């Protein structure tokens, strides 16, 4: 085949793969924002506002180009997700071309020769199978159909890897260096998407080394070292170091020369640009080729990195969302370093039980104040007992839940060490050994948090229930081969519901894994250096990330998306595995027939199988659950309400609804986690669309960083005290209102002089703010008792808002907020369906703490439930978790309605609940019990009996399965057993209480059958 014909076929095949993959993703993508970070990313991109650290400015700019095309606000999510789908399609195209490059070098050993027709078919078949395999992998498909950074990040990884292969092909030609320059630009741009792409640098250096230098083991070591240096230089020297240097120039120019803010940064970057231009010009004049290439690449890297100017520019514009207030070099450095998330030890650090021996002041925190940069705070560095520190610490978190996790993964016996406590008493503490430290690394961090995800993608996945380890029912990898799965996890053909019918139960019979292993072995045998490049990419985007992340037990969500590039690398070997498979068949068949048979078998056994298995649980084309939840929360608020939220899934869908779709912009969303930052109080002090600022009534100097970060609670008065007067006491500059901090030596803290605070309630709230249902229970005064002896800034700010709101705007709490953010207000929570409203109501003087009329109206009419009951929609575990808040809302409304004797109305509510939230879609859970009982209380005994039977059958299913498990696995599902038994007891009590003899008989019969089995 002629070179021209081969290039044309190769090009066309790549674009065909792009069309196929893009079509798959466009057909299955979610038509709106998904849960987790997607709502925030789309909102930030659509309005170019500042999201959470470290930001993704280039991602925002690209997505903004797509959202601008949306003809209506409701379609913003469609166009945003289309960007991910097309970027993922392009990733598959570049993957195809990369595999084809390696495959040709394996098939045609002489680079001067052109492949024959059947060799070309083999090369293209292998490349297409590898690319299509990755198209349908669980992790990549998941990110391809939602508006997150990982799809675009994967495209950059595929681009730079393909680009270095193009350079390798053209190396020695006059214009080959342009590929290196392009890679530098792409690397710089990718910083504004996600840092994962930088991990391709060492693999790129290896390609460069293998092409231009004769191989030696010492040369290989040096090449890997250079790759590591370039990676670390980019991470710490460019991304963080340049901003740090700019901050130092800021200090000099602003504090030293008394010039305006950002003058020093402008001078520094201008000097850097001028220096690079002069350097490039001079090295070109002198013929210093390598120096010129390095300076040009540095310039391209910085040009791409300059997308971060968008963060600074938009923050200075005071947008409606402005996380971290990135308006100067110091805040930008903190933003890039993700300082608000804390540090995780990497190379050295303490074990979880290391005694603290001292504290010392760390780096100062600078902030703009009165035309200068002033030190407003300083970090506190903790000094641990050196006997409890180690290199490569893996078990480091002191959180009790994480400590329990460490002990569940490793049988920690430790090494006893005698320590003297602060009270002078001696005790013995067992510090984990380094071997136990490594055991946790290999068993949990590598085995559970990487290998399990790897096997999900190339062997099979048990279901989408989040696994925490030591659980035979949730989140494991499977193969589909009975003797393997049954030995590891128990009899898989007898799984109980809902695990048996979970759509995410995908079985590939290890075919992609085996083909990939064949490709890996063959690649190393035939092209060792090429295989080493792929292995480097595979390792750095897999196990190396595991080492860097240093993950704790009980992560809030599955983290497989972090390792997508590692699975990308393995997909190269899956494609290359076609070549030895074809050659094996050629031993028994003619070459042409062997290639054809191998292509068909591999196509059916890998991408077709994976696509057919994965389609039903990756198709989100009719799912609106996230945005419906956000809009329903917003609709729970009366006009001009203030809605307090806590985490990703009760905040980001609301941001998306308001920012992208313009929905209920009169409601002010206030995330109480962020309220501890002065930058967020600044944001809340500004009007946002139709929503007025929050009435904190605070001077800026009273909440800036370093001021009132902690406010003590000391009961020196011994009696209740008006909240507004207490706040005046806290904000006073009188030295008598300050005490020496018991936490940070030498500093002074403000304090509340009582632990009982009162808020007066005007009579006008009756019939206006407070529903008529609670007229007889309205209080004249709210009494608040803060838990503990201190308030952090978010609690202090909440009390300021409460004192100055004067009951003018309704206040609502998200159901996701934890108790430590109630600050004594939970006594006054009145349920308004999903949210709770803070009302001056005495729960002792009212039948229920539910606004019955409002809750009924919201659940029966106003709330949108477009997806749960739609059988085309796969309700994944995150959506099922969120459905629990609806169940609680229905249960509360049913209870309140029955309390007023409205049985018919309560039955309608129960019918509505089963209609919009069918258990077959969201699973039975403990929260269903009061709803099922509601049927009995309404007099609808037949309906209640039917639901009891349905629920009982599932419980019996779980218990029956537990008895069939091997003894070694029975303990892994003990919680499920206990839950099933508990539910059966409740159902039996229910049937007994409401004199349902037929159901009691049926329950006895089912239990008897279970025992017989």
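The chain as shown is numbered from 1 upward.
Just so it is clear, glycine is given a Cβ too, placed from its N, Cα and C backbone atoms.
TrEMBL entries are annotated by machine, without manual review.
The transmembrane segment annotation in TrEMBL falls on one of the ranges 491-507, 508-524, 627-643, namely 508-524. Between the transmembrane segment (531-549) and the transmembrane segment (179-210), the number of CB pairs under 8 angstroms, six or more residues apart, is three or more, so the stretches are in contact. Comparison of 48-66, 78-97, 217-239, 508-524, 593-610 by number of C-beta pairs under 8 angstroms to the transmembrane segment (117-137) places 593-610 first. Sequence-remote contacts of a segment are chain residues at least 6 beyond its ends whose Cβ falls under 8 Å from one of its Cβ atoms, and for the transmembrane segment (508-524) they are 102, 106, 129-130, 133, 455, 457-460, 479-481, 530-532, 534, 570-581, 602, 605-606, 609-610, 613.
No contact links the transmembrane segment (293-313) to the transmembrane segment (78-97), because fewer than 3 Cβ pairs that are 6 or more residues apart lie under 8 A. Within the chain carrying the transmembrane segment (561-581), a Cβ under 8 angstroms from the stretch's Cβ atoms is held by residues 91, 95, 98-99, 102-103, 106-107, 122, 125-131, 133-134, 137, 139-140, 142-143, 148, 150, 154, 157-158, 196-197, 199-200, 450, 453-454, 457-458, 512, 514-523, 534-535, 537-539, 541-542, 545, 549, 598-599, 601-602, 606, all 6 or more beyond its ends.
Spatially, the transmembrane segment (78-97) is adjacent to the transmembrane segment (48-66); three or more Cβ-Cβ distances between them are under 8 Å for residues at least 6 apart in sequence.
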